[in-house]
Amino acid sequence: MERDAAAARVASPQAATKYVDHEAAIPVQEETRPSKTASAPRRPVTLHQLSFREHSEQNLAALGLIDRLCLRFLNFVVARRALAFCVVTGFYVALAGAGIAFGCLTPSPQYQYEWIIDDKRSTRNMDMRLAAVDAVDQLDAGDLHARKQPHQLIGIWVEYAGPSGNIFTPTRLQEICEMEATFYRPAKYQDVCVLDNDGQCAIPPLSIVGQFYGVEWLAGLVQNGTGTCDLLATAEVEATWISMISAANATREGFNEYGIFMEKGAVAVGATSKTRSLLSVGQPLEGFASTRDRTERQTKTYLAYFEAVEQDLWDHFGVESTFFQTPYFAPWRRNGLKLRYFSWLIARLENLRMQEMDLYFIIFTIIFVDLCIRAYTRSHAFTAAALAQIQLSIPVTAFLYRIAFRIEYFGSLHLCSIFLALGIGADDNFVLFDAWRQAQADVPRVENADETTLRRLLYAFSRTMDTVFNTSLTTALAFLCLGLSPIMPVRTFGIFAAMVVVCNYVMVLTMIPTCLILCDGCYFWPRQCAREAATKSSAPKSERRIFPSIKPFFEKIYLRYMSWTLSCAKGIPIGAWLSVWCFLVLGVFLGYRALHLEMPREQEELFPKKHMFMGFLNDMANDYEAGADDQYCRVFYTFGINNLGKENYDEYKPDYKRGYAKWNRAFDLHAPAARLALKGFCDTVRAVPCSEQECSMGLLHLPESTICFYEEFEAWKVLHSVYSKAWVNF
C-alpha cells in the first residue's frame with residue numbers, strides 16, 4: 001500500500017484543484033497492482049504518459065523505437081545542457097555555413113527555356129528544327145560569321161511622342177537624334193551591334209533618325225560613335241516627310257516600309273504626333289556557334305551594353321533609381337518630347353532591381369516576426385533562439401536540396417520560401433512554447449530537479465511532436481503536389497518548400513529544447529535573471545511560472561462565448577451553433593467562388609500600372625500604321641526529321657544539350673513525286689485563307705513573305721547551269 005500511495009503522489013498534482021491528466025495518471029495505479037495473468041500483453045507507453053509515470057524499466061521497455069530515441073536525446077539535453085546546446089546548434093550552423101559556402105543560396109541563371117515544358121509536342125518540334133538547323137550547313141555563307149543576324153528577342157523599341165501636331169519638325173528631330181544617339185555612343189555597342197559584310201556596325205534600317213539625317217551621317221554615328229545632331233532645314237524636313245507620305249499612299253510596299261514610323265491615321269491626315277525606331281543587336285556573339293551556345297555568357301555581354309545605355313539615358317533625362325522608387329514611374333520628358341523604350345533585357349534589369357527592393361521586405365518581415373514573438377513570449381532568449389532556428393532552416397534546406405538531393409535549379413521563386421519559413425517556423429515555436437508553459441502547471445514537481453525538468457520537457461516535446469507533425473505533414477504534402485507540375489521552376493519550388501517545412505519541424509524539436517533547458521528561468525537578460533535568482537529560494541518551484549498562462553483567455557472569453565445561451569433555449573449552446581453556421585456559410589460561398597475560377601486570359605503583368613513598360617508592346621502592335629517583321633509570328637514547316645534524340649540532358653540547365661535531330665531515312669528529294677509534292681505544299685501555304693482581323697489581305701501568311709527552299713534550289717540550278725555553259729563557251 002505504501003508503494004501504491006507513492007506512485008499516486010507522483011502521478012497526480014499537488015492540489016485537488018489543479019488539472020489532472022487522467023489518461024496518463026490512471027494506468028499508473030493499474031500497473032502497480034499484481035498482474036492476474038503472467039501472459040497478459042504489455043500496453044505501450046508514450047512519451048506523454050511517461051511525463052507522469054515512474055521511469056521504471058518496465059515503462060521504458062514499453063516505449064516505441066522512435067519514442068525511445070527521443071527519450072535518449074532529451075535525457076542528454078537535460079543532463080548535459082551546455083554540451084547539448086553546442087552540439088545541436090553547432091551541427092545546424094555547420095550545415096548552414098556549408099550551404100552558404102557552396103553557393104546553395106545563389107540563384108541559378110535565368111534560362112531561356114526554364115518555363116518551357118519539355119514534353120510538349122510543340123517544344124519537341126521546335127527543338128527538332130533548331131537541332132536540325134545546327135546540324136547542317138548554313139544556306140548563306142555570311143551567316144557563319146558572328147553578329148550577322150539581328151537578335152529576334154532583344155531588340156529595342158524606342159518611341160518619341162510630341163505634345164500635338166506633326167512631330168517631324170527640325171527642333172523635335174534634333175531632340176530625337178540626341179536621344180537615339182545615346183544607344184550608339186557607348187563603347188560596348190561595338191561588341192553587340194549587327195555587322196555588315198565589311199565587319200562594321202550595320203546601319204539600323206528601321207531608325208527614324210536615318211530617314212531624315214541620312215545614311216552616311218548615321219553610319220558615322222553607329223560605326224565610330226561620332227557625329228553631332230545639327231538642326232536640319234525646315235524645307236529638307238518637309239520634303240522628306242512628303243516623300244514618305246507619298247510612298248505610303250502609292251503602293252502596299254511603301255505603306256509597309258514607311259507606315260511603321262507613323263501612328264494610325266497619319267497617312268490619311270498627313271501628320272503624326274509620335275514615331276518610333278527599332279534598334280537591333282547582333283547574334284550570335286563572337287566565339288559562339290548560336291544563341292543557344294553558352295547563353296549565360298552571351299547574356300552577360302548583352303547586359304553590360306544595356307546597363308551602359310540605361311545609365312546614359314538616366315543622365316540625359318535627369319532621373320535616378322532610388323531605394324523607394326524606380327525611375328520608370330515618372331514620364332521621361334525633355335524639351336516637350338516624351339520618350340518610351342523597351343527591351344526584354346532592360347525589363348530583366350528592372351525586374352532584378354525590384355527583386356532587390358523586395359529583399360528589404362524580407363528584413364521588415366523578420367523584424368515584424370521578431371516583435372510578435374517577443375510580445376507573445378516576453379522572452380529575449382526564446383525570441384533569439386526561434387529567429388535563429390527559422391533563419392538557419394533556409395540554408396540548411398538549401399544544402400540538402402542542392403548537395404544531398406542534387407537538384408541544381410534554385411530560382412527567384414525559391415527565395416519566397418523565407419516567408420513560408422517565418423510563418424510556419426514561428427507557429428511551430430509557439431506550439432512548443434505553449435506546451436512548455438503548460439507543463440509548468442500540469443506536470444508535478446518531484447524531489448530531483450533534473451527529473452522534474454525532464455518530465456516537463458517530455459510533456460512539451462510529445463505534445464509539440466504530435467501537433468506540429470499533423471500540420472507539417474499536410475503543408476508539406478500540399479507543396480509536394482507542385483512536384484507533379486511539368487513546369488520545372490514550379491516543380492522544384494514545391495520540392496524545396498516541402499523540404500523547408502520538414503526541416504523546420506525537425507529543427508524545432510531538436511534545437512529549441514536545448515535553448516529552453518539551457519536558459520531555464522532566465523528570459524530577460526540580465527535584470528530578470530537577477531530577480532529570478534533572488535526569488536528562487538523563497539518560492540517553491542511548482543509555484544514559479546516562467547511563462548504567463550493563456551488559460552484565462554479560453555476560460556473567460558472563448559468558453560463563455562461558445563457556451564452562451566438564452567433562458568428559453570433549453571440549454572442549447574447558441575454561440576457554438578452561430579459559429580458553425582457562420583463557417584458553413586463562408587465555406588459554401590468560397591466553394592461557389594472556387595468553382596467559377598478561370599484561367600488568366602492575359603499575360604502576367606510584371607510591373608505596376610504606371611510603369612513605363614506596362615502596355616508598351618501593345619502600343620507598338622496596335623498604334624501604328626504598319627508593323628515590323630518581329631511583330632509577326634514566324635512559322636517553319638520542316639520535312640525530313642523523324643524524331644529528337646537526347647544525350648546527357650540536364651533538366652535543371654534547360655538551355656544546354658537539348659537534343660539532336662534524328663533524320664527520316666524515307667525522305668528523298670530525288671523522287672519526282674516528292675519534289676512535286678513539296679512544290680505544291682509551298683503553293684498551298686501562300687494561298688491559305690484567313691478571315692480573322694489580324695490576317696493581312698485575307699491570307700494566313702503575310703503576302704510575299706513565304707520562302708520555299710525547293711523553289712530557291714530550282715532557281716539556283718537554272719542559274720548554275722547558265723553560268724556553267726557561259727564559262728565553257730568563254
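Glycine is no exception: its Cβ is also placed from the backbone N, Cα and C atoms.
Copied from TrEMBL, the annotated features are:
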DOMAIN    419-518  domain 'SSD'
TRANSMEM  82-105  transmembrane segment
TRANSMEM  359-376  transmembrane segment
TRANSMEM  382-401  transmembrane segment
TRANSMEM  408-426  transmembrane segment
TRANSMEM  467-485  transmembrane segment
TRANSMEM  492-512  transmembrane segment
TRANSMEM  572-592  transmembrane segment
| Looking only at residues six or more beyond either end of the transmembrane segment (382-401), which have a C-beta under 8 A from one in the stretch? | 89, 92-93, 95-100, 102, 104-105, 366, 369-370, 373-374, 407, 410, 417-418, 421-422, 425-426, 429, 433, 495-496, 499-500, 503-504, 507-508, 511-512, 515-516, 519, 523
| remark: Most Cβ pairs under 8 Å to the transmembrane segment (82-105), of 359-376, 408-426, 492-512, goes to 492-512
| request: Sort out for me which stretch, of 359-376, 467-485, 492-512, 572-592, has the most Cβ pairs below 8 angstroms to the transmembrane segment (408-426). | output: 492-512
| field | Segment confidence, the domain 'SSD' (419-518), expressed as mean pLDDT | value | 93
